[in-house]
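Working notes, structure below.
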Amino acid sequence: MSTSVVRHARRIVVKVGSSLVTADGRGLDHAALSRWAEQIAALAEQGKEVVLVSSGAIAEGIARLGWKKRPKAVNELQAAAAVGQMGLVQAYESIFRTHKLHAAQVLLTHEDLADRTRYLNARSTLRTLLELRVVPIINENDTVATDEIRLGDNDTLGALVTNLIEADCLVILTDQAGLYTADPRKVADASLVMEAHAGDPELERMAGGAGSSVGTGGMLTKILAAKRAARSGAHTVICSGREPRVLLRLAEGEPIGSQLVARQAPLAARRQWLADHLQLRGGLVLDDGAVRALQEDGKSLLPVGVRGVTGEFERGEVVAVVDASGREIARGLTNYSAAEARRIAGKPSTAIEAELGYMDEPELIHRDNLVVLA
C-alpha cells in the first residue's frame, strides 16, 4: 500500500469505538475526546468534511448512574444510553466550540436508513450540516433500537452513513492495529493485512471474533462494514486509534492499519444501485431545456422543466426520467410524491410552497440522488 485513501478523500466518516473515548469503560475520557476533536478540526481546515460516528453513550451512562458493571437487561442498557448520550453530546459540543466549530447530534436506527422517505430526510439533514461546516456526531438511537443494542455494531452504522452521504472513505478506529491473518492474541505469527479488496470472502475467515469488554463489536463486524461501504464505492481503513495523530497522518497519505478498497468507483456503484436494484415506480417527462441541464451541466432536476408525470410514487422512491420522445435519460430518488409532482410540474421552485403549502426541497430530484444514463 503506497498511500492512504484518506489523502484524496473529500468526505470522510470516522467511527470511534468505545475503548477510544472512555476511561477503561468508566465514563468519558475527555482528553481523548479533545484529541479527536482537534484532529477533525484540522481536517476541516484542509477542506475535508467529516462525520463522526461515536460510541461511548452507554459507558458514560453506566458511570453517571454509578453502576459497577455493564448490565445485561435491554431496558437498563437503554436507560444508560439515554443518560449517557447527554454527557457525550455536551462534551463534544464544548470541545468543538474551542475550535470554532459546532457539533450536531444525530440519532439513527438501521430502520431510519431502510425507509426511503426517512433515508432522504436524513441525507438532506446531514448534507445541510456539512455545508454549514457543522460536525455531525452520530450514534444509534439505543433508547428505542432494541436489536441494535444487542448487536452493538456502530461499525455497521458507520457503513450505512457512508452509503447515505456518499462518503469517499470510512475510517474505523479500534484498539487493534488493523486486520490480521489470524487473531494476534492467539496466533503468534499472525501478520497485518495491509491492503485487500473489501468483500473478499477470505477476509471474513481471517476476522475471528475478538472484541473488547467495553464495546460489543469484533473484527468481523468491521469487515462486514467495509463490504457494505464498498457498495457505494467507498474505501475503508481499519486502524488503531492509539496511534498518535492517526487521522492527520492518514490524511497526509501515510499507510496505517488495513486498507480495504472498493472495486467500483463511487459513481459506478451509485449508477448500478439506482439502475439495477430498485424498482421503478413512475416517470417524469422533461422538456428539452431540462434534458440539457441534466446531460450537459450535471444539474439537479427542478419542477420547472417537468412536462408530465406518469405512474404513482411516494417521496423517496425511484422514478425514470425521460425526454419528450419517451427515451430514458436518467433515474433518481424523487423528493415529492406523484400527486405533489403533478401540482408543481412546470412551475419554478419559488412557487412550490404556494402550491403545496410547504417546500421540502427546491428540487424534484437532487443531483446527488440522480444518475444520468444517456
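The backbone N, Cα and C atoms fix where each Cβ goes, and this holds for glycine too.
Residues or ranges marked as ATP binding site by Swiss-Prot on the basis of sequence analysis: Lys15, Thr174, Asp175, Thr216, Gly217, Gly218, Met219, Leu220, Thr221, Lys222. Residues or ranges marked as substrate binding site by Swiss-Prot: Ser55, Asp142, Asn154. Annotation comment: Swiss-Prot describes 281-359 as domain 'PUA', evidence class sequence analysis.
In the structure as shown, the Cβ atom of Met219 (ATP binding site) sits within 10 Å of 25 other Cβ atoms. Within 10 Å of Thr221 (ATP binding site), judged by CA to CA distance, lie the following binding-site residues from the set Ser55, Asp142, Asn154: Asn154.
Cα of Asp175 (ATP binding site) to Cα of Ser55 (substrate binding site): a span of 13 Å. Spacing of Asp142 (substrate binding site) relative to Lys15 (ATP binding site) is 16 Å (Cα to Cα, whole number). Taking the Cα atom of each, Met219 (ATP binding site) and Asn154 (substrate binding site) are about 12 angstrom apart.
Cβ neighbour count for Asp175 (ATP binding site) (all protein chains, 10 Å cutoff from its Cβ): 15. Asp142 (substrate binding site) carries neither a helix nor a strand DSSP state and counts as coil.
When secondary structure is read from DSSP and collapsed to three states, Asp175 (ATP binding site) falls in the coil class. Neighbour list (Lys15 (ATP binding site), Cβ cut-off 8 Å, at least 6 residues apart, same chain): Leu52, Val53, Ser54, Asn154, Asp155, Leu157, Gly158, Leu170, Val171, Ile172, Leu173, Ala225. Summed and averaged per residue, pLDDT over the domain 'PUA' (281-359) gives 94.
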